[in-house]
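Asks: Straight from Swiss-Prot, here's the annotation block:
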| type | residues | note |
| --- | --- | --- |
| DISULFID | CYS39-CYS81 | disulfide bond |
| ACT_SITE | CYS42 | active site |
| DISULFID | CYS73-CYS114 | disulfide bond |
| DISULFID | CYS172-CYS223 | disulfide bond |
| ACT_SITE | HIS178 | active site |
| ACT_SITE | ASN198 | active site |
| CARBOHYD | ASN215 | N-linked glycosylation site |
| DISULFID | CYS256-CYS268 | disulfide bond |
| DISULFID | CYS262-CYS283 | disulfide bond |
Amino acid sequence: KLSKNKSDRYLPKVGDSLPESIDWREKGVLVGVKDQGSCGSCWAFSAVAAMESINAIVTGNLISLSEQELVDCDRSYNEGCDGGLMDYAFEFVIKNGGIDTEEDYPYKERNGVCDQYRKNAKVVKIDSYEDVPVNNEKALQKAVAHQPVSIALEAGGRDFQHYKSGIFTGKCGTAVDHGVVIAGYGTENGMDYWIVRNSWGANCRENGYLRVQRNVSSSSGLCGLAIEPSYPVKTGPNPPKPAPSPPSPVKPPTECDEYSQCAVGTTCCCILQFRRSCFSWGCCPLEGATCCEDHYSCCPHDYPICNVRQGTCSMSKGNPLGVKAMKRILAQPIGAFGNGGKKSSS
């Protein structure tokens, strides 16, 4: 994970006095548990839940926010239904100046074209975000005592998948693959636990939540939950409610050739090429992207160097810092996104 927002705000200190337990559900700052369905958008649900809660804590208004806006519009580094990171979601909302409501931009359980009009409906904003000191459950406890916190954990293991209720103490590794939110902590019969808010629906586990053992021997926490904790920061009011305005002009899709096109804001990349002719086009979910030579992946314009073997993108040759390469999706026939288009291929 690339992060510029490391913070010692919640680093444990001598004399810290924390509540023995806290359950943010009882504080009225969490909306009902949502269901991401078959879309790999857990990162969006985690980030949104954290933003919903800090907005409620600061303003007193509990507003359900839009995961679909993140899935459709946050495409600089996140990949919609193919995964993402909560920190990048926070960055998107900060740069965008806010995020729309769930009611106005509802969840569709699939990737879609960014609705520019609703993207500009900035109902709730955050000021920044910070990362909790990693591999430190005491620091995480201190953070959760102040607000719900986004985390990632390994959820693909057999024990985790078959867990039904009670405090989870099963076997799992630290290959974190699922974004959730820690919504509190407590102790039962001498065992410390975290209250974890999932995004698999309210009928899953304990009404959509689960309890995971806390203060284990591993510094990374059970299932790696202390590896990537972060939280949004909000200090000011939300933007004023904008006056109704007509939808922004919709940009035409990108034409790859006379038969194929990609959605607006994406780049045409050839998948099947013979000599200088392309027989099948794909779409990289970024504007101005670099098409990698493997005819499968692509890189953001600010990380233009393709490292095909590693599946990463670098800012320059030999630079060890990079981001994960993105996958292309198949282009659509001309007319699939409506009339119009422009040539823009790489």
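Counting begins at 1 with the first residue displayed.
Note: Cβ is positioned from N, Cα and C throughout, glycine not excepted.
I'm curious about the neighbourhood of these features; can you describe it?
Replies: Note on CYS39 (disulfide bond): other Cβ atoms within 10 Å of its Cβ, all shown chains, come to 20. Mapped onto three states, the DSSP output places CYS39 (disulfide bond) in coil.
Other C-beta atoms found within 10 angstroms of the C-beta of CYS42 (active site) number 22, with every protein chain shown included.
For CYS114 (disulfide bond), the number of other Cβ atoms no farther than 10 Å from its own Cβ, over all displayed protein chains, is 18.
Counting only residues at least six positions away in the same chain, the Cβ atoms of LEU153, GLU154, ALA155, GLY157, PHE160, CYS172, GLY173, THR174, VAL176, VAL212 sit under 8 Å from the Cβ of CYS223 (disulfide bond). In the three-state DSSP scheme, CYS223 (disulfide bond) falls into the helix class.
Neighbour list (HIS178 (active site), Cβ cut-off 8 Å, at least 6 residues apart, same chain): CYS42, ALA152, LEU153, GLU154, ALA155, GLY156.
Same-chain residues at least 6 positions away in sequence with a Cβ under 8 Å from that of ASN198 (active site) are, in sequence order, VAL33, VAL180, CYS204, ARG205, GLY208, TYR209, LEU210. According to DSSP, ASN198 (active site) is assigned to coil rather than to any helix or strand.
A coil conformation is recorded for ASN215 (N-linked glycosylation site) in the three-state DSSP classification, outside any helix or strand.
CYS268 (disulfide bond) counts 24 other C-beta atoms within 10 Å of its own C-beta, drawing on all protein chains shown.
Summarising the environment of CYS262 (disulfide bond), the number of other Cβ atoms within 10 Å of its Cβ, over all protein chains shown, is 28.
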Asks: Going by C-alpha positions, which of the recorded positions (CYS39, CYS73, CYS81, ASN215, CYS283) is nearest CYS256 (disulfide bond)?
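Replies: Spatially nearest to CYS256 (disulfide bond) by Cα position is CYS283.
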Asks: Which has the fewest other CB atoms in a 10 Å radius around its CB: CYS73, CYS81, CYS172, ASN215, CYS283, the listed recorded positions?
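Replies: Counting other Cβ atoms within 10 Å of each of the recorded positions CYS73, CYS81, CYS172, ASN215, CYS283, the minimum falls on ASN215.
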Asks: Any idea what the Cα distance is from CYS268 (disulfide bond) over to CYS283 (disulfide bond), rounded to a whole Å?
Replies: 5
Asks: What does the structure give for the C-alpha distance between CYS262 (disulfide bond) and CYS73 (disulfide bond)? Integer Å is fine.
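Replies: Rounded to the nearest whole number, the Cα-Cα distance is 15 Å.
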